[in-house]
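Peer 1: Input: one structure, supplied below.
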Amino acid sequence: MNSATQNTAADAHPGHTPMMQQYLRLKAEAGPLLLFYRMGDFYEMFYEDAERGARLLNLTLTKRGSSNGTPIPMAGLPVHAMEQYLARLVAMGESIAICEQIGDPATSKGPVERRIVRIVTPGTLTDDALLPAKADRALAAVFVGGTARAPRAGLAWLNLASGEFRVTECTPAQLESELHRIAPAEIVCADSAEFDFPFEGARARVPDWHFEADSARAHLLAHFKTDTLAGFDIEDMPAGICAAGALLRYAARTQSQALAHVQSLSAERPGQYVLLDPVTRRNLELTQTLSGEDSPTLFSLLDGCRTPMGSRLLRRWLHHPLRENEQALARQQAISALLAGRMDMEQTFGAAGFGSAGLLESLRSALNAFPDIERIAARLALRSVRPRELASLRDALQALPALRDQVEPMADSPRLGELVSHLSVDPALAALLVRAIAAEPAVAIRDGGVLAAGFDAELDELRGLAADGGDFLVQLEARERERTGISNLRVEFNRVHGFYIEVTKGQTAKVPEDYRRRQTLKNAERYITPELKTWEDKVLSAQDRSLAREKWLFEQLLDVLAEHVRPLSDCAAALAELDALAALADHARRHDWIAPELSEQADIDIDAGRHPVVEHAIERFTPNGCRLEPARRMLLITGPNMGGKSTYMRQVALIVLLARIGSFVPASRARIGKIDRIFTRIGAADDLAGGRSTFMMEMTEAAAILSASTPNSLVLMDEIGRGTSTYDGLALAWAIACRLLAHNRALTLFATHYFELTRLPAEQPASANVHLAAAESAGGIVFLHEVREGPASRSYGIQVAQRAGVPAAVIRQASRELERLEAQGAPTPQLGLFAAAADADAQAYAEADRSDDLEALDALREELAAIDPDSLTPREALDALYRLKKHLQ
């Protein structure tokens with residue numbers, strides 16, 4: 001801090017010490033953020049920050065003297081442990097300003113110059129220690145513009161750890177769904193903005209002018225060094241431009257520098273991806289189970305990736321299925337080429353050609369050698385890369401040519417050919433890293449030992465001066481032992497007192513006069529001699545100069561490496577895609593998945609499909625097909641509880657989604673058409689916080705489906721209407737099914753326990769009945785899990801209850817009640833579950849044979865009246881019983 005700055009700080013905070021004046025100035029700059037103020041080997045917090053930090057991190061709260069007459073609360077943490085404390089704070093949603101010492105304490109007059117060098121927020125993390133390896137933590141910005149009649153929401157998001165920068169526009173009503181798709185860790189919005197959508201991450205407020213059109217556009221143009229944004233294809237996204245400009249400004253401020261690795265801005269269009277709303281993502285358990293766990297999910301099943309960047313890309317694919325066939329087909333062809341390449345190599349070289357594993361396994365094994373180049377490149381641009389990351393980058397670049405040679409034979413696939421073209425980086429870069437970085441560098445540049453011997457002659461000379469001290473100290477210790485007669489005399493070093501000669505208390509009388517006491521311990525004295533002091537000054541000076549030289553050289557090296565960030569990022573993207581494709585290929589090979597046909601029509605035709613996750617979890621899975629097309633748009637699915645209706649519906653949706661990301665699918669044959677959205681209404685849950693009951697939630701989800709589904713949508717409806725009375729639920733289910741068929745015309749799987757709905761195909765030819773089969777045996781009900789044409793005859797509700805452990809007395813009473821209701825013809829499908837069918841049959845039988853029944857009853861009554869039980873012999877009584885039984889039959 002220069003004298004002018006010190007004077008300004010003193011004027012602003014009179015009565016405080018110069019250091020506290022500096023702190024208060026920096027705290028005013030940090031605002032509400034926690035300020036980590038560097039003091040030597042510690043980061044300190046003062047005043048309210050100290051109290052808050054001590055509470056959040058369980059630190060000891062102390063006092064550090066007083067300033068302006070008031071005791072100063074203080075809490076601190078060691079520099080080497082900062083990352084673990086940052087991780088805890090970020091997990092709590094906190095943001096932290098990092099203040100470092102910039103000046104040299106030896107030459108500073110007054111407080112050492114300090115400044116805020118970085119702001120750590122939940123959405124701006126770049127350090128591996130703070131980031132999940134297999135997931136992105138995006139930073140997003142939201143701006144609502146347009147007109148009152150036609151408002152538009154601009155949404156931009158940036159993955160700072162990779163440099164990926166995207167923008168889109170949507171309606172305000174679609175904003176929640178879009179945010180759920182992107183899953184940002186933090187949202188930036190204007191001070192005056194009001195948003196009522198739920199969001200669990202952090203929110204940052206910035207001045208409104210950051211989102212003004214001229215300001216946002218100017219910031220984007222300045223960053224990308226262009227005169228127009230036309231090249232980014234976003235000129236028709238005014239709200240998106242406002243969001244992108246404000247977002248980039250915020251992100252650059254947190255890093256205190258320009259974001260050199262953010263070199264492009266990509267526009268996402270509404271028709272680019274198959275839309276999945278938050279309910280659908282949750283119900284299909286793509287990356288998180290219904291209970292919030294990471295496994296078992298579709299992602300955990302497929303993620304055999306060997307690199308973190310491959311895993312992250314695969315996760316993004318699952319959340320962004322493709323609407324158009326071209327890109328999905330390119331991925332599918334690449335997977336086929338990887339599998340075909342494996343077979344070709346085995347046929348050419350035999351089992352020993354690439355070992356017993358084959359080319360695909362050899363390729364995947366080679367990918368193990370590659371670190372997270374995507375994030376290393378980003379940290380290179382931000383100048384926060386660590387020495388050991390450069391060592392891993394060096395090793396990866398050396399392994400890159402061999403990997404390229406393995407993939408090139410399969411480059412007949414257009415997509416693989418494109419990836420191969422990016423699997424190369426200037427050989428001079430690898431050569432530079434080999435020369436520059438030590439084989440096993442230190443953790444941090446401040447420790448020295450990062451640059452390799454021979455990289456710089458001056459550094460080698462300074463290191464030699466420091467290293468020669470080992471022999472000198474051994475010789476000095478031997479001479480002093482002989483001179484003093486003290487056999488246990490030792491020459492040692494520590495960071496506080498430097499070099500010293502240590503003598504135990506019992507030997508201090510033998511110490512020569514030229515020994516000067518340096519430190520007194522309980523059992524020993526430590527001394528320094530003129531000879532040792534002279535040598536210490538020389539060595540420590542060499543060490544200091546060596547560290548300073550090495551740090552300067554490292555900064556120069558980073559300047560050179562920064563010029564290679566773009567090709568490194570391109571190489572990382574190619575490696576990530578190759579890794580994800582290889583993982584999908586390997587899974588397809590091991591689990592007998594097939595390449596689906598991708599059609600241009602709105603149809604789904606699957607033979608022997610399987611649920612990918614459930615199949616993996618159980619010993620035997622029953623495959624089932626599904627056919628949906630314009631003439632057969634809805635399947636009404638009936639069958640018992642636990643029969644597999646929900647699993648079947650999810651299975652179809654997951655096969656469609658896998659096909660749309662370009663993957664193989666679990667089936668014997670599949671034809672998947674163009675799908676624009678996937679909707680699910682499965683399961684029961686309430687929203688206590690929002691004051692919505694289970695039925696209200698069910699109807700809200702149904703309303704969204706009826707409002708947005710199209711003839712190209714896939715809709716899963718599971719037991720709609722069950723949360724209210726029988727007649728209300730049945731009426732709603734019937735009306736919703738009719739609406740989906742006649743108006744929306746969506747491809748629909750409609751599971752129900754309302755047997756009355758099975759009459760719908762008679763009125764709506766585009767619908768059809770199927771059921772999950774079950775059978776009764778002596779041991780009870782057996783679920784066959786087979787989808788068969790036609791409606792189910794029974795629901796087996798009581799049998800399912802019996803299997804669930806409902807007490808026998810309850811089961812008996814339920815059975816009697818069911819019989820009574822069926823006898824009365826009561827239309828209660830939720831009690832007897834398909835009692836209405838039995839009621840109808842019983843009523844028809846009664847009307848047809850009513851006269852016969854009356855005659856039989858009259859005959860039985862007359863015979864009973866004629867019997868005198870007191871006069872019957874045992875034999876006559878037995879005969880009478882047989883006659884009565886015959887009448888009943």
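Yeah, the Cβs are placed from backbone N, Cα and C, and that goes for glycine too.
Annotations in TrEMBL come from automatic prediction, not curation.
Sharing the features that TrEMBL gives for it:
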type	residues	note
BINDING	GLY639, PRO640, ASN641, MET642, GLY643, GLY644, LYS645, SER646	ATP binding site
DOMAIN	713-729	domain 'DNA mismatch repair proteins mutS family'
Peer 1: Whose Cβ lies within 8 Å of the mean position of the Cβ atoms of GLY639, PRO640, ASN641, MET642, GLY643, GLY644, LYS645, SER646, the ATP site, other than those residues?
Peer 2: LEU772, PHE783
Peer 1: How many of the residues that make up the domain 'DNA mismatch repair proteins mutS family' (713-729) does DSSP mark as helix, as strand and as coil?
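Peer 2: Going by DSSP assignments, the domain 'DNA mismatch repair proteins mutS family' (713-729) contains 4 helix, 6 strand, 7 coil.
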Peer 1: Around GLY639 (ATP binding site), how many other CB atoms lie within 10 A of its CB?
Peer 2: 29
Peer 1: Across the domain 'DNA mismatch repair proteins mutS family' (713-729), what is the average pLDDT of the model, as a whole number?
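Peer 2: Looking only at the domain 'DNA mismatch repair proteins mutS family' (713-729), pLDDT averages out to 83.
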Peer 1: When you measure from the Cβ of LYS645 (ATP binding site), which residues in the chain that are at least 6 apart have a Cβ under 8 Å away?
Peer 2: ILE637, GLY639, ASP718, ALA751, LEU772
Peer 1: Which of PRO640, GLY643 has the fewest nearby Cβ atoms, counting only those within 10 Å, among these binding-site residues?
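Peer 2: Result for the binding-site residues PRO640, GLY643: minimum number of other Cβ atoms within 10 Å at PRO640.
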Peer 1: Within 10 Å of the Cβ of SER646 (ATP binding site), how many other Cβ atoms can you find? Include all protein chains, please.
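Peer 2: Other Cβ atoms within 10 Å of SER646 (ATP binding site): 20.
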